[in-house]
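A short worksheet on the structure shown next.
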Amino acid sequence: MEIFKYMEQYDYEQLVFCQDKQSGLKAIIAIHDTTLGPALGGTRMWTYASEEEAIEDALRLARGMTYKNAAAGLNLGGGKTVIIGDPRKDKSEELFRAFGRYIQGLNGRYITAEDVGTTVEDMDLIHEETNYVTGISPAFGSSGNPSPVTAYGVYRGMKAAAKEAFGSDSLEGKVVAVQGVGNVAYSLCKHLHEEGAQLIVSDINKDAVRRAVEDFHAKAVDPNDIYGVECDIYAPCALGATINDVTIPQFKAKVIAGSANNQLRDTKHGDMIHEMGIVYAPDYVINAGGVINVADELYGYNSERALKKVEGIYNNIARVIEIAKRDNIPTYKAADRLAEERIERMRNSRSQFLQNGHHILSRKS
Ligand SMILES: NC(=O)c1ccc[n+]([C@@H]2O[C@H](COP(=O)([O-])OP(=O)(O)OC[C@H]3O[C@@H](n4cnc5c(N)ncnc54)[C@H](O)[C@@H]3O)[C@@H](O)[C@H]2O)c1
Ligand SMILES: CC(C)C[C@H](N)C(=O)O
């Protein structure tokens, strides 16, 4: 991989390699764009097959956070970390504290939080070394686990997409096929069940499936069968790239709305589902609830204020659909336009000043 060439292509600002022999830490912090503010994005811990795969994941996810934060109206740029390791075996206090010191060394250019493979407890350890971490325990006056809030945002965004597809935002009686019933999707299923939706679920983890079947009367299907089930809405809530050449011909759903990051394998797949008339709620717009929630900590966390902002994901998805219809483009392009235009507006309006003079954390009461 030609790292500088890749960084130049998507205009990345910085890539930081962190190595600590004592704790075994091997981490990569990618900072994509800080036009809107410090880069906020989670830390993923994963067993990558190669260092190149880890670098690519960090870069790709960091850029996604730039778009997510911009489209959500946050004054934050985009970044992400990957820690190379098995979250079931390789975690330790030393490792997360060493990582915390690296974050501190960036002096606020990057702020972290949870992502796949990391938890509130891990954030608390990082917090021992730096204040540039969010999603820490409510005991510190913070917001804790972002997953239920992400789920609430996905639920709100799904309703907005349903309004476009079915003429009503009620999900009562709608059949929703949920792929992956982990942290976010379990809470999403709860909202859907309470509204009277019928659930079809799949997960490679049998216990997760059993819990959804028992708690929400969901019907379980084999992981490979979820794409082709008869349903109104497909909710991808596991890993990315599940909208691809193989799955698209199987889709029966009229709406795609789920929490997974990077749902389209390639942009051409966004074009394909658009041509099929499927209403696609762009991933980084609908799944912004978690980051909106943790970002509120930077102002002194207030859950009521944060939830109100997360509720706004309904309007954000409606706005993206409106732009898509107005400009006759797929929704994924409309979302990119929304994010890029905001970043450009801010870049231009700031260019007259050397810097805006204060860090976002200074507003914390
Ligand atoms: N947690 C958040 O606040 C948040 C915020 C934004 C985006 N996301 C994204 O949402 C997705 C889910 O996040 P999470 O925190 O719930 O993760 P999680 O690990 O708790 O849940 C993911 C679930 O998907 C299952 N899974 C994996 N591969 C599968 C497959 N092929 N078929 C079916 N199930 C499969 C796993 O067994 C697991 O139960 C991820 O893509 C994550 O990046 C999460
Ligand atoms: C900051 C975190 C809550 C970010 C979350 N992992 C996401 O992908 O949006």
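Backbone N, Cα and C define each Cβ position, glycine as well.
Per TrEMBL, active site, proton donor/acceptor is recorded for K80. Here TrEMBL flags G180, V181, G182, N183, V184, A185 as NAD(+) binding site.
Distribution of TrEMBL features across the structure.
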| residue | record | contacts (Cβ under 8 Å, 6+ apart) |
| --- | --- | --- |
| K80 | active site, proton donor/acceptor | I29, A30, G41, G42, T43, R44, A58, L61, A62, G64, M65, D115 |
| G180 | NAD(+) binding site | S202, D203, A208, P236, C237, A238, L239, A260 |
| V181 | NAD(+) binding site | C189, V201, S202, D203, A208, V209, R211, A212, A218, C237 |
| G182 | NAD(+) binding site | D203, N205, A208, C237, A238 |
| N183 | NAD(+) binding site | N145, S147 |
| V184 | NAD(+) binding site | S147, T150, A151, V154, C237, S259, N287, G290 |
| A185 | NAD(+) binding site | A151, V178, Q179, V201, A235, C237, A238, G258, S259 |
In three-state DSSP terms, the structure that the residue listed as 'active site, proton donor/acceptor' belongs to: strand
Sorted by sequence, non-G180, V181, G182, N183, V184, A185 residues with Cβ within 8 Å of centre, NAD(+): S147, V178, Y186, L188, D203, A208, C237, A238, S259
